[in-house]
């Protein structure tokens, strides 16, 4: 009996370690999006490899998450627009160089607060059916709990680390902040600058970070992840609320236009 108990403990600890080591950044239990159905989506790339999502908010500006490029020192940052497949030739695809990388000044590696990043493209994006701007929320109000919102990305889709070549998406219901702040969930760490969505085995995380949480055709939030394990219903997905940063976003883009 003692040997069996010890064996069970070892299995539990091993399972816990494996879960902790599994890659964050996956759209879990999503599905492939219809081709070019989300023409605002951007692939933020470093040295030619996808690292995060993003979305086009102005002809020369892409929104993403600050922690996406925290560990990038000398890498070449570029943005791919007009893509459904990351690897296959598509007439609409174009890779843009980045002129400026502007993380929110309050962003820090040890926290997910202020987790926003603006990327100024070296030239204006060529708009068309597969490349479009996404309106973003400027009115400072909370999205009603239960509202179904869309998230999309190219993050890994399984615990084995398999990466999709084509854009994936899923719908997630918004969770009210009070519930998200319960001790059993995020224990009071969710500020008014953040919002949550349910994550019961369906979720997005770091590999999809920077992509938009789209509610009613408007970007309400930006995907962030922190250190949580994705797909855990006790750790709802966390998103940066764009409406809390209108002045900063407008100011950065105005400064870029004047440069």
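Indices start at 1 and increase along the chain as displayed.
For all residues, glycine too, the Cβ spot is worked out from N, Cα and C.
Looking up the ranges 224-228, 229-233, 234-238, 239-243 in Swiss-Prot, the one annotated as region 'Self-inhibitor loop' turns out to be 224-228. Cα of residue 215 (disulfide bond) to Cα of residue 52 (disulfide bond): a distance of 20 Å. For residue 115 (active site, charge relay system), applying a Cβ distance below 8 Å and a minimum sequence separation of six or more within one chain yields 65, 66, 67, 104, 107, 222, 224, 240. In the three-state DSSP scheme, residue 180 (disulfide bond) falls into the helix class. Cβ neighbours of residue 149 (disulfide bond) (same chain, under 8 Å, six or more residues apart in sequence): 143, 171, 172, 173, 174, 197, 213, 214, 215, 220, 221. When the Cα of residue 52 (disulfide bond) is compared against those of the recorded positions 180, 196, 209, the shortest separation belongs to 209. The CA atom of residue 209 (active site, charge relay system) is located 7 Å away from the CA atom of residue 68 (disulfide bond).
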